[in-house]
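What follows is a set of notes on a single structure, which appears directly below.
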Amino acid sequence: MRIELLNTPPDAAESRFEEQIRPIRMEDFAGQQRLTDNLKVFISAAKMRGDALDHVLLSGPPGLGKTTLAYIIASEMGSSIKATSGPLLDKAGNLAGLLTGLQKGDILFIDEIHRMPPMVEEYLYSAMEDFRIDIMLDSGPSARAVQLRIEPFTLVGATTRSGLLTSPLRARFGINSRFDYYEPELLTRIIIRASSILGIGIEPDAAAEIAGRSRGTPRIANRLLRRARDFAQVDGISTITRTIAMKTLECLEIDEEGLDEMDKKIMDTIVNKFSGGPVGIASLAVSVGEERDTIEEVYEPYLIQAGYLARTTRGRVATRKAFSRFADHTLLGGNFGGHKGSLPLFDESEAD
């Protein structure tokens, strides 16, 4: 049975756990050092001037702490925060209700901001730039627009697909911060801290083993920790040992590099079914039985980071590392992507 660890949003229990372990001060936020150092300067300067912080765009793969940092920004600014997500803002009226309820210096956090409808996005432009919105009263021949001033606020947008933001929206963010994957050593510290909050002990080498297979992502590390706790408790053990950690990871089919069943299926399909590529994302999604957006947002970034996959103008291409691990040479006949022993040179540009 396949257990989803990567492409499932946090459930209620996980959300409560994330709230428990969520730091509330910038100095307690682990990792992303350059990003947080810069934000400290911008926040301090805004507070010294008595201004609202410039609008902030937080981008990067899921599970790296974008939502956590949005709440920390509000805490550091001493401001209230209202949170929503792009898909929920399906009408301009929904956004107008949020904007008119903001007080001076408040934070409006929009997760998945790239999924806002274009009409709603355009409604944000004047709000972000001039702190005003236009509201339509009545309809038909008697319709008229009324301009309302709103209090200066800070929009914090989070996205896993910054390339899908329109240029006008992206240009209105004064602060653009990109999240990177975490190093295993830092994830080990995060796991040890989280285990103490969970109320279960963990051996350092067990924490390190889990960290090394967490794809550089704190959310995945915490999910694996909770599953390891389950195995330990069922076995009547009060501390997660390396043996328990290994048992957990093996049962969940998480390998030494953090690849799960779907990662391997994607790479096996590209290497053996499509002879290494290039293959378009639509064809790949149909072949592996996964949503296109999920492949692009969840699986591809790490496969590229791990050196297995490249995106080119013609499609997805497997790398030499991918062939060395996944190639079935009886199918390929010694050819690498149909190039007789050598991989094509590829660029890093986006493909459809």
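In case you wondered, yes, glycine gets a Cβ from its N, Cα and C as well.
DSSP assigns Phe131 (ATP binding site) to coil in the three-state reduction, placing it in neither a helix nor a strand. There are 17 other Cβ atoms within 10 Å of the Cβ belonging to Phe131 (ATP binding site). What Swiss-Prot lists as ATP binding site is Ile21, Arg22, Gly63, Lys66, Thr67, Thr68, Glu129, Asp130, Phe131, Arg172, Tyr182, Arg219, and the listing cites sequence analysis.
As annotated by Swiss-Prot, Mg(2+) binding site applies to Thr67, with the evidence given as sequence analysis. Under the three-state DSSP scheme, Thr67 (ATP binding site) falls in the helix class. Around the Cβ of Thr67 (ATP binding site), the same chain contributes Ala83, Phe109, Asp111, Ala158, each under 8 angstroms and 6 or more positions distant in sequence.
Per Swiss-Prot, DNA binding site is recorded for Arg292, Arg311, Arg316. A simple way to gauge crowding: the CB of Arg316 (DNA binding site) has 27 other CB atoms within 10 angstroms, across all the protein chains here.
Over the region 'Large ATPase domain (RuvB-L)' (1-182) the predicted model carries a mean pLDDT of 85. What Swiss-Prot lists as region 'Large ATPase domain (RuvB-L)' is 1-182.
As annotated by Swiss-Prot, region 'Small ATPAse domain (RuvB-S)' applies to 183-253.
Residues or ranges marked as region 'Head domain (RuvB-H)' by Swiss-Prot: 256-352.
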- Cα of Ile21 (ATP binding site) to Cα of Arg311 (DNA binding site): how many Å, rounded? 36
- Around the Cβ of Glu129 (ATP binding site), other Cβ atoms found within 10 Å total 12
- Task: Measure between the Cα atoms of every pair in Arg292, Arg311, Arg316, the residues the record assigns to DNA, and report the largest value in Å, rounded to a whole number.
- Result: 14
- Helix, strand and coil residues within the region 'Small ATPAse domain (RuvB-S)' (183-253) as assigned by DSSP: 51 helix, 4 strand, 16 coil
- Pairwise CA distance, Gly63 (ATP binding site) versus Arg311 (DNA binding site), rounded so that it is a whole Å: 22
- Query: Which one is closest to Arg311 (DNA binding site) in space, judged by CA to CA distance, out of the binding-site residues Glu129, Phe131, Tyr182?
  - Reply: Tyr182
